[in-house]
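Asks: For reference, the structure I am asking about is given below.
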Amino acid sequence: MEFAQLVDDPLKHVCRVLVVGCYVDGFRGRFFDDLDEALGGGLSSIYEQREFTGELNKVKLLNTFGKLPAERLLLVGLGNNEELNSDRLRQAAGAAATALRPVGVRKLSSILHLARDRGAETLTATVEGFALGSYSFDEYKTGKEPKTDLEEATLLFAEAGDLDYNVNKVLAETATICDAVRFARDLVSQPGNVLVPSYLAEKGREIAARYGLSCTVLEREEMAQNSMNALLAVAKGSHEPPKFIILEYRGGGEDDAVTVLVGKGVTFDSGGISLKPREGMEKMKDDMAGAAAVMGTMMAVAALKLSQNVVGLIPAAENLPGGGAYKPGDIVRSMSGQTIEIVNTDAEGRLLLCDALYFAQRYKPAALIDIATLTGACVIALGNFATGLMGNDEGLTRSLKRAGEVSGERVWELPLWDEYGELMESDIADMKNAGGPSGASISAGWFLHKFVGKTAWAHLDIAGTSWEEKGRPYRPKGATGVGVRLLVEYLRGLK
C-alpha cells in the first residue's frame, strides 16, 4: 500500500472518499463544522437522528451529491475526545479500511490523522490502521472477484503549519514496517502442506537477496554436527527435513553490540505422539508465527537501514507422529549438554528454542529475545489482548514494555521465580520438558532460561496474540503478524 501527503483544503479536495474522524461527546473536531455547513447541516442531522453517534470504530458512508469535491465522506467514530489515544486512532483507521473493502474503493484521502495534535505519533497510528486493516488473504480462492483492497491513501494537511516534522519520512518508514507485518501474516496464513521448513528457508533466502541480508541454512547433518539433538528429536516424526535458518544484518560497526532474535518455527504441530484433540488442529499451522515475526522484523530492519547489528535465528521443523517420532519417556541431550526427559511431545517448541538459544551464545549478544506461540496457558492467563513476557534482565524487559505501549502490541510480564523450576524437576534427567498445567506458561519460560547463561534475555509468548478468531479493526480475522512492530520499535529505541 502506498501513502502520500498533500497540503490542501479538505473542503476543496477532489477525491472518491474523504475519511473524517468524529466524536461522541459534543466535541466537533477539526473541519466538522465547515463540512457540516457545506452539506447543509447534513452531518448534524445524522447525529440528531442517531444514524451515527461517533462511537469508537463505527462508520457511516455518505454521498455528498456534489456539495463537496469529495464524492463521499466516510465518518469514523473516535469515541470520547479525552480518551483518544494512538491505539484508538489506529483502530479507527482500521475500521475505515475494513468498511471500504466491499465498496471497491482502492484510493482514499484522509484527515483522520488531524483529529489529534500529536504529530508523527498520530500520523504513524493512522497509516498503520489503514495498511493493516485493509489486509486480506485469499490466495487459494478460485473464481474470486479481483481484489479491492486499498492501494493508496493521501493524508491531507490543511496548511503548511501542520508539517512540523518530516512527514514523508514517517510515511515511508511506517509503510515499510506494515509491509513486513503483512509479509509475516502471509507466512502464517499459508497452509501446512505448503509452508514446510524448506519453504520457510526459501523465504529467508528471498528476503536476504532482496534486502541485503546474509542467509545461512543449516541442514539436518549440520545440526547433528552441532549437537542440536533437542531440535532434531522433534523433527524425527516427519518426512519433511528440519531447517535452521540464520539471517544476519550488519548495520552497526564491527565492534558494536549484537541483538539476537529467535523465532519458533514449528510449521505444523499435531502434538506428535501426545496427539492434540481434533477440534481446532487445523490452526496449528500458526505454530511458526514466532518465526514469521523474526523474518518480518529482519526484513524491516534491513529496509529501514537501522544502525544496529541484528541476527535472526529460526529453528524450523514439523511435529508429527510417525514410526521414527520421539516418544514420552525419551531422554534427549540438548546442544548445551543438559539432558531433558520428554514427558509430553506436545511441549516441543521449547525443544527447538533451547538449542537455538544456546547456539545464539556464539554471537555474544548484548540482548537475546525469543518469540514463540509457546503455551496455551498464556492464552488462558492473558487472552488475546497481551503477549506474555518473561526475562532475566530488568532493563531489557522494561524496554520491551515501552516498545509494546508505543507499537500497540502490548506485553505483560510474568514472574520467573525459582520455585517454578520445581515443576520441571526430573528423577532421571536434568529437567523435564513440561511441568503440568499449574503455572505452565511460566514453567516453560523457566525451562528456556536454563539455556541462555548470563546473557540478557527475554521471552515473548504470542500464543494468544498470533491469531484473531473474530477480527478487530486493524487485525482482521486470521494471522496478526504480531511481534514485528514490537521488535522493530524495540530495535529502533536502542542507542
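Indices start at 1 and increase along the chain as displayed.
Cβ coordinates are placed from backbone N, Cα and C, and glycine is handled just like the others.
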Asks: Given that Swiss-Prot annotates D346, E348 as Mn(2+) 1-binding, name the residue from D269, D286, D418 that shares the site.
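Replies: As annotated by Swiss-Prot, D346, E348 share the Mn(2+) 1 site with D269, chosen from D269, D286, D418.
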Asks: Suppose a student reads Swiss-Prot and sees K264, D269, E348 listed for Mn(2+) 2. Which of D186, D287, D370, D393 should they find annotated at that same site?
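Replies: Of the residues offered, the record points to D287.
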Asks: Cβ distance under 8 Å to E348 (Mn(2+) 2 binding site), same chain, sequence separation 6 or more: which residues?
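Replies: In sequence order, V234, V266, D269, G272, N319 meet the Cβ cut-off.
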Asks: Tell me the Cβ neighbour count for K264 (Mn(2+) 2 binding site), meaning other Cβ atoms within 10 Å of its Cβ, over all protein chains shown.
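Replies: So the Cβ neighbour count for K264 (Mn(2+) 2 binding site) comes to 30.
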Asks: Rounded to a whole angstrom, what is the C-alpha distance between D346 (Mn(2+) 1 binding site) and D287 (Mn(2+) 2 binding site)?
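Replies: If we compare the Cα positions of D346 (Mn(2+) 1 binding site) and D287 (Mn(2+) 2 binding site), the gap is 12 Å.
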Asks: Per DSSP, D269 (Mn(2+) 2 binding site) is which: helix, strand or coil?
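Replies: DSSP assigns D269 (Mn(2+) 2 binding site) to strand.
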Asks: Near R350 (active site), which residues of its own chain have a C-beta under 8 A away, given they sit six or more steps off in sequence?
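Replies: Same-chain residues close to R350 (active site) (Cβ under 8 Å, separated by 6 or more) are L374, N433, A444, F447, L448.
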